[in-house]
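To start, the structure itself, in structure tokens.
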Amino acid sequence: MEIKTSRIVILILVVVIPAILIFRNPINLGLDLRGGTSVVLEAQEEDGKKLQPDTMDKVREIVQRRVDGLGVSEPVIQKSGENRLIVELAGVKDAQEAIDLIGTTAKLEFKIKTGDNSYGPTVLDGSAIKNAYVQQDQFGKPMIGFELNDEGAVKFAEITRTNMGKQLAIMLDGKEQSAPVIQSEIPGGKGSISGSFTYESAQNLANLLKAGALPVNIQIMETRSVDASLGAESIKATKMAAMIALVLVSLFMLAVYRVAGFVADLALCVFGILTAGLMCAIGTTLTLPGIAGFILSLGMAVDANVIIFERIKDEIMEGKRFQDCIDDGFNRAFPAILDGNITTLLITMVLFFFGTGPVRGFAVILTIGVLVSMFTAIFITKIIVKIFVNIFHLNGEKLFGLKGVE
């Protein structure tokens, strides 16, 4: 029985490339495994007006930019219903700081101050901000520098030219941050906001200004924190459960299918490496439901091998030539494996499009696992079987422990 060199090369690449990806880009762990913070935000209707259809999309985009400023890896930000947003931040160091940053409306306004606590109408707002950053004043204290877009720069120059000697109040969410006296016209669209800032608070405000103001008021409805130690315990328990399941499955395959069972165990190892490698490549976040999806797909991979081996045994018992039995067994097993996996994929599609959070994570991992299990069962297992048959000169009796067959 000949086996093409190209297929052996493919087998090697299927193992080596995912292994490199796993080593260089470890799998992202979700909130329940790594620890972190989950926040539920709700957009508030103003003056009885219903939210516009695209309002939550704008809120999500702005919250995404704010979270990016925190440096959190792989945040999960998704809509829930018509007016809610779920934000999951795994591994965040300061939960309260993150919550404050996410939930702040950050409505920036420039107003001419007319008295101690009175202001004129808004002459410029945060929509004109092009960039914001932290810089130091003459005393080395942090303040926020900002740059305006072209339209904002022209308007800012006009405001400062026509209001010399007056105070220009810089307001954030209705609170005065600073109110410098306009000494001269300010061209170029650059300015600064000073105040009693620490470096961290200045950086947060700069991030808020860069991300932009939320189009509606947001209320924090729920916050939930998961301690990192709980995530570590979950990982430990899950690893133990997965190892026990893997050992039991491996022993079962060895006991029932002998050498072919060992081949199936090797194929399962390839399945695990390839699945993890794909998760790293596409940046999938692994959660506890995702692990459940992986273990379920592992079981489906075992089922596929069982179907294949039973078909091969049927071919052998019919007295066909052994080399033909292997090819025919794989070919006849393929329709049953395909049908079973397609029905599972249809279910995962429903879960992904109509589910939220953990349910979608489960669906994504299960989908990856099902696709990989089909590939490993039909292609990888066949290559390994033929390699074993060629090297060890196996027949039906040696491969499956069948008596009285060649």
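Glycine is no exception: its Cβ is also placed from the backbone N, Cα and C atoms.
Pulled from Swiss-Prot, these are the features on record:
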TRANSMEM  8-28  transmembrane segment
TRANSMEM  240-260  transmembrane segment
TRANSMEM  262-282  transmembrane segment
TRANSMEM  289-309  transmembrane segment
TRANSMEM  334-354  transmembrane segment
TRANSMEM  361-381  transmembrane segment
Considering only Cβ pairs under 8 Å, which range in 8-28, 262-282, 334-354, 361-381 makes the most contacts with the transmembrane segment (289-309)? 361-381
With CB pairs under 8 Å as the measure, which of the listed stretches 8-28, 334-354, 361-381 comes out on top against the transmembrane segment (262-282)? 8-28
So what's near the transmembrane segment (8-28) in sequence-distant terms, Cβ-Cβ under 8 Å and 6+ beyond its ends? 73-74, 90, 270, 273-274, 276-281, 283-286, 380, 383-384, 387
